[in-house]
Amino acid sequence: MPPAPADVLGSKPLDGGWGWMVVIGAHISIGFAYSTPKALSIFFKDIQEDLQAGYSEIAWISSIMLAAMYAGGPVSSMLVNRFGSRPIVIMGGLMCGVSMVTASFGSSIAYLYFCIGVIGGCGLAFNLNASLTIISKYFLARRPLANGLAMAGSPVFLCFLAPLNQYLLGTYGWRGSLLILGGLMLNCCVAGALMRPVCKTLACAPQQNVDRPNKCKTKIKGSCVKNTKKFVDLSFFRDRGFVIYLIGNVMFIFGAYAPIVFLSTYAVSQGVEKYSAAYLLSIMGFVDMFVRPGTGLVANSKWIRPRIQYFFSFAMVFNGTCHLLCPLMRSYTLLVVYAVFFGVGFGMVFALIFECLMDLMGNQRFPSAVGLVTIVECFPMLLGPPAAGLLVDIFGDYKYLFLMCGSVITTGGLFLFVMNIYNYHMLEKEKRAKDRERNQTNIENQEQMSISAAEMEQPEAEETEMSAAQQDPESAETK
């Protein structure tokens, strides 16, 4: 989700000071939010054997968790506007911790769906959106740096959580591992405690009006109503560029997470040792950590910036091609190569995915557009991994999973490339038509003004002639 406006009361952010502690807290909460659904896949094989579940059934755990995290975004934003970031992040941390602890006692797959998927996913949504919002209130000039450091929590935590989960699994089993992981996720409450409210430190200058707190509450309530309306703004579906972006984005999300969920189990099925299989996710996260800022620098260059939509299409095609080639990677060395290129493709896409939407919609319409996009994304995110797991259940082979994901993502990238060419052509055509219409209108206005001026000059000429005629007899009598 994008950062919110600077401050409800219009105070200027400090761009430093305690804000850097807020960035540390956001780094922790965002790191858990993005890495937990991926790192949980380490436990899936043992959970599957213990609960006698199929591949498609086990994949629903991460799918529901991701879908709840994205679907809870608008609700989280409204709660943050009403209560502030600190209590929301603390509540999210409690929900995440409770979800993992209660899931460790589960005896059915449906129980895990509810505990990890619904409760844990909602907790991650509270952590994610509240953290991004509080950064925008502490930083203005250094906001890109602060956001970059906070978002780096995703690959950093994935690098450490994947091998840690594999160690915990080998030592305590999946139930004990979830119990310990729940305790670790309670650190989000500590991260939330660092998020000191801005209005208590920056906006409490001496007030001449004692009714200022009431005005603040009124503004907050008004912003809640406004947020409720803007996240269900369906007028965006009349925008051709938005619809094209949304279709391509939905195709990418459908195939993006299944390879992450099944990567370690696929490696184990190829004879790779479990710890080495878990390190594949760490390698992917490590590469992703450096690719995202690097992609941002490249995208900001004068050569790529005007063509960023095509760069996004290339990133999607690159990502999909990696998955199409994955079934050929049967040794651990080749799987490491796949993990590296997967991290490159994944990092490029997610470094550009919201920037491309901002390029299409502009700064003013972006918050509303991204709210609608995240809601729509819930459906492919919910269905993608289970559909891929169903292919494994049917055919008993992981290669069909990677082929499906790769083909869907590659098709989405090619769709964006072709349709963006069409969209830009139509925009240029519409611009020329508007220019011609504007020029024609200007010509007609000038003609109308000329006619009006001529009509105004005619009475003046008649008055001049009459005054001259009146002066002639007087001059004759004088003579």
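Using N, Cα and C of the backbone, Cβ positions are placed for all residues, glycine too.
Copied over from TrEMBL, here are the features:
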type: DOMAIN; residues: 21-424; note: domain 'Major facilitator superfamily (MFS) profile'
type: TRANSMEM; residues: 58-80; note: transmembrane segment
type: TRANSMEM; residues: 87-105; note: transmembrane segment
type: TRANSMEM; residues: 111-132; note: transmembrane segment
type: TRANSMEM; residues: 144-164; note: transmembrane segment
type: TRANSMEM; residues: 176-195; note: transmembrane segment
type: TRANSMEM; residues: 242-266; note: transmembrane segment
type: TRANSMEM; residues: 278-298; note: transmembrane segment
type: TRANSMEM; residues: 310-330; note: transmembrane segment
type: TRANSMEM; residues: 336-357; note: transmembrane segment
type: TRANSMEM; residues: 369-388; note: transmembrane segment
type: TRANSMEM; residues: 400-422; note: transmembrane segment
type: REGION; residues: 433-479; note: region 'Disordered'
type: COMPBIAS; residues: 440-451; note: compositional bias 'Polar residues'
Checklist entry - How many helix, strand and coil residues does the compositional bias 'Polar residues' (440-451) contain under DSSP? => result 12 helix, 0 strand, 0 coil
Item to check | Beyond the flanks of the transmembrane segment (400-422) by 6 or more, those residues with Cβ under 8 Å of it | outcome: 244-245, 247-252, 254-256, 258-259, 262, 266, 309-310, 312-327, 384, 387-389, 391-392
Checklist entry - Mind checking which residues reach the transmembrane segment (369-388)? Cβ under 8 Å, same chain, six or more beyond either end. => result 1-2, 56-57, 59-60, 62-64, 66-67, 70-71, 73-74, 77, 230-234, 236, 242, 246, 249-251, 253-258, 261-262, 354, 357, 360-361, 401, 404-405
Checklist entry - Would the transmembrane segment (242-266) and the transmembrane segment (87-105) count as touching if the test is at least 3 Cβ pairs under 8 Å, pairs 6 or more apart? => result no
Checklist entry - Mean pLDDT for the domain 'Major facilitator superfamily (MFS) profile' (21-424), as a whole number? => result 83
